[in-house]
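Feature annotations, courtesy of Swiss-Prot:
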{"type": "REGION", "residues": "1-267", "note": "region 'Amidoligase domain'"}
{"type": "BINDING", "residues": "Ser15, Asp148, Ile149, Glu150, Lys188, Thr189, Lys190, Pro191, Thr192, Gln193, Lys224", "note": "CTP binding site"}
{"type": "BINDING", "residues": "Ser15, Lys188, Thr189, Lys190, Pro191, Thr192, Gln193, Lys224", "note": "UTP binding site"}
{"type": "BINDING", "residues": "Ser16, Leu17, Gly18, Lys19, Gly20, Ile21, Asp73", "note": "ATP binding site"}
{"type": "BINDING", "residues": "Asp73, Glu141", "note": "Mg(2+) binding site"}
{"type": "DOMAIN", "residues": "292-543", "note": "domain 'Glutamine amidotransferase type-1'"}
{"type": "BINDING", "residues": "Gly354, Leu382, Gly383, Met384, Gln385, Glu405, Arg473", "note": "L-glutamine binding site"}
{"type": "ACT_SITE", "residues": "His516", "note": "active site"}
{"type": "ACT_SITE", "residues": "Glu518", "note": "active site"}
Amino acid sequence: MKQTKYIFVTGGVLSSLGKGIAAASIATLLKNSGLKVSILKADPYINVDPGTMSPFEHGEVFVTDDGAETDLDLGHYERFLDESLSQDNNFTTGRVYQSVIEKERRGEYLGKTIQVIPHIVGEIKDRIKKAGEGKDILIVEIGGTVGDIEGLPFLEAIRALRLEVGKNNAMNIHLTLVPFIKAAGELKTKPTQHSVGELRRIGISPDMIICRSEKALDRDLKDKIAISCGVEKNCVIESVDAASIYQIPLNFLKQDILSPIAEILDLKNLKPNMENWDSLVKRVIAPSNEVKIAFVGKYVDLKESYKSLTEAIIHAGAALDTKVELKWVDSEKLENMESAEVFKDVSGILVAGGFGYRGVEGKIKAIQYARENKIPFLGICLGMQLALVEFARNVLKLKDANSSEFDEKCQNPVVYLIDEFMDTNGEKQIRTAKTPLGGTMRLGAYKCDIKEKSLLAKVYNEAKSVKERHRHRYEANPKYRVDFEKHGLIVSGESKGLIEAVELNCHPFFLAVQFHPEFTSRLEHVNPVICGFIKAAINYEDN
C-alpha cells in the first residue's frame with residue numbers, strides 16, 4: 001500500500017492568523033496538480049466537539065454529510081477542495097480522551113497504566129493515519145498556538161509520526177505573524193524567531209515558514225527569517241492581507257510554494273491548473289454588478305457565526321458576476337425598529353438560523369415585511385420555522401402560534417420537538433426535551449423530495465430530489481399543513497413526512513428551507529438555493 005505523505009501545519013505568536021486558509025490553499029494547489037489530497041483539523045480544546053459551544057465562543061459549527069459537528073475550518077477545506085469531508089477529518093482532545101477512556105473501561109489496554117505517552121499520543125497518531133488512508137497527501141492542521149499546554153500531545157504526535165514515516169514522507173509548515181509597527185514604520189521578525197524557537201524546544205523544526213503580514217516582505221527580510229529560523233530561502237512564503245481568501249492559493253502559486261514542497265516530499269514537478277479558479281476570483285474581486293440584501297440574524301456582532309452562509313453568498317455573487325453587499329440587521333434590535341426604514345434600500349431579505357428565543361420576534365417582523373412587500377426572501381433552518389409562525393399568526397390569524405422551543409404551553413405549536421426520526425445511518429433516534437444537547441440533533445445530509453413545478457424545483461433545475469445537510473432539533477408541525485396550503489403557503493420539499501421547504505405561490509421569490517444549503521456551497525459549484533435567491537434579488541433591483 002502506497003505511503004501517504006503528511007504536511008503538518010502549526011501556528012505561532014497568536015491565534016486566528018489563518019492556518020485553515022493556508023492549509024486549504026496548499027491543498028487546492030496540490031489537488032489541481034493531480035494529487036489525491038485531504039485535510040484534517042486537530043483541535044486541542046477539551047470539548048468533544050463544538051456542537052454545544054456558543055457561536056460567540058467558537059464561531060460557526062460546520063456540519064458534514066455524515067452528521068459530524070465540526071470546526072468552521074472544515075467548511076474552508078470543503079469549499080477550497082470542492083470535496084465532502086467526514087467526522088474523520090476533525091477531532092478534539094475531548095474526543096481523544098473519551099476514546100482512550102472507553103478503551104480502558106473495556107479492558108483493551110490489559111490493565112496497563114494509561115498515560116499521555118504512549119496512549120493519548122498513540123490515539124492521535126492513529127486518527128491522523130486513518131484520515132490519510134487512500135490519499136497521496138494529508139494536510140494536518142493543529143489548532144491553537146505553539147506554546148499552549150493543551151496542544152503538547154498533538155505536537156508530540158506529529159513529531160513522532162514524522163520520524164515514523166521518514167523524512168521524504170512528511171514536512172512541517174509553521175504559520176507565524178510578522179507585525180507592522182506603525183511607530184517605527186517597519187515589519188518585525190522577532191515574534192517569528194521566538195515562535196520557531198518554541199517549536200524547536202518541543203522537538204519540531206519547520207521546513208517552511210508562512211509569514212502573515214499587513215504588508216509585503218522584501219527579499220532581505222525573507223532572507224533574515226530564513227537564516228534565523230534555519231529554513232531554505234525559498235521556504236519563506238509571505239501571506240499578505242488579501243481582498244478575498246480565494247486569492248491566497250494564487251498568491252502562494254506566484255511565490256512558487258510548490259517547488260520546495262515537491263522537493264521535500266519527493267514529488268514530481270507540480271503544475272496546477274488554476275484557470276477556472278482564477279477567473280472566478282476576478283469576479284469575486286471586481287464584479288460587473290452590485291446588489292444589496294439584508295442579513296437578519298442574532299449573532300451579527302460575530303460574523304464568523306455565519307461563515308458558510310457569507311461564503312456561499314460570495315460564491316453566488318461570483319457565479320452571477322455580482323457583488324452582494326450585506327446589510328447586517330441585528331434581529332433583537334429590529335424588534336424596536338421600523339421595518340420600512342430598515343429594509344428600504346435592500347433587494348432581498350435573508351433570515352438565518354439560530355437557537356433560543358432572543359431575537360425571534362425581530363426575525364418574524366422581517367419575514368412579515370418581506371412577505372407583504374413582495375421582497376425576495378430566503379429563510380434557513382429557524383428562518384423556515386419562523387416563516388411558518390409568521391404566516392400562522394398573520395394570515396391564519398392564530399395569534400398564539402409559536403414554536404414549542406420558545407413556548408412549551410402554546411395552543412398552536414406550528415413548530416414542535418420531533419421525538420422520533422431516522423438518522424443518516426437509517427437508525428431510529430428518539431428525543432425528548434430532557435435529552436442531552438450534545439450530538440442529539442437531526443444532523444447530516446438527508447434526501448429531500450421536491451414538488452414538481454415548484455419554486456424549489458426551479459432553483460434545483462427540475463430535480464426530483466436533492467440531499468442537503470441539517471442541524472436542528474425542532475420540526476414543522478404537519479397538523480397545520482392543510483391550512484397553510486389552503487392559504488397559499490405550499491410545502492415544496494419533504495423528507496419521509498417531514499416538511500423540508502415551504503414557499504408562497506403568489507410572491508416573486510419567497511422560499512424557506514429547513515436544511516442548510518450553505519454547507520454544500522463551493523466557489524466552483526454554488527448551491528442552487530443561495531444562487532436562486534441572489535438572482536431573484538438582482539431581478540428585483542433591476543425592476
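Glycine too: its Cβ is placed from the backbone N, Cα and C atoms.
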Which listed residue (Ile21, Ile149, Leu382) has most other Cβ within 10 Å, given these are binding-site residues: Leu382
Pairwise C-alpha maximum, in angstrom, for the residues (Ser15, Lys188, Thr189, Lys190, Pro191, Thr192, Gln193, Lys224) that bind UTP according to the record: 24
Residue among binding-site residues Lys19, Lys190 with least C-beta crowding, 10 angstrom cut-off: Lys190
Candidate with the highest Cβ count within 10 Å, taken from the binding-site residues Ser15, Ser16, Thr189, Gln193, Gln385: Gln385
Close binding-site residues near Ile21 (ATP binding site), where close means Cα within 10 Å, chosen from Ser15, Lys188, Gln193, Glu405, Arg473: none
For Pro191 (UTP binding site), the number of other Cβ atoms found within 10 Å of its own Cβ: 15
Of the recorded positions listed as Gln193, Lys224, Arg473, Glu518, the one whose CA lies nearest the CA of Leu17 (ATP binding site): Gln193
Nearest recorded site to Thr189 (UTP binding site) by CA-CA distance, among binding-site residues Ser15, Gly18, Gly20, Lys224, Met384: Lys224
Spatial neighbour of Lys224 (CTP binding site) that is closest, considering only the binding-site residues Gly18, Gln193, Gly354 and their CA atoms: Gln193
Chain-internal residues near Gly18 (ATP binding site), provided their CB is under 8 angstroms and they sit 6+ positions away: Leu175, Arg212, Ser239, Ile245, Ile248
Pairwise Cα distance maximum in Å, L-glutamine-binding residues per record: Gly354, Leu382, Gly383, Met384, Gln385, Glu405, Arg473: 14
For Glu405 (L-glutamine binding site): intrachain residues, at least 6 apart, with Cβ closer than 8 Å: Tyr357, Val415, Leu417, Arg473, Tyr474
Length of the line joining the Cα atoms of Lys188 (CTP binding site) and Gly383 (L-glutamine binding site), in Å: 47
Other residues, Cβ within 8 Å of Gly354, Leu382, Gly383, Met384, Gln385, Glu405, Arg473 Cβ centroid (L-glutamine site): Gly353, Phe355, Cys381, Leu386, Ser403, Val415, His472, Tyr474
Neighbourhood of Gly20 (ATP binding site) by C-beta distance under 8 A, where only residues 6 or more apart in the same chain count: Lys41, Leu72, Asp73, His76, Tyr77, Glu141
Densest Cβ neighbourhood among Lys188, Lys224, Arg473, His516 (recorded positions), 10 Å radius: His516
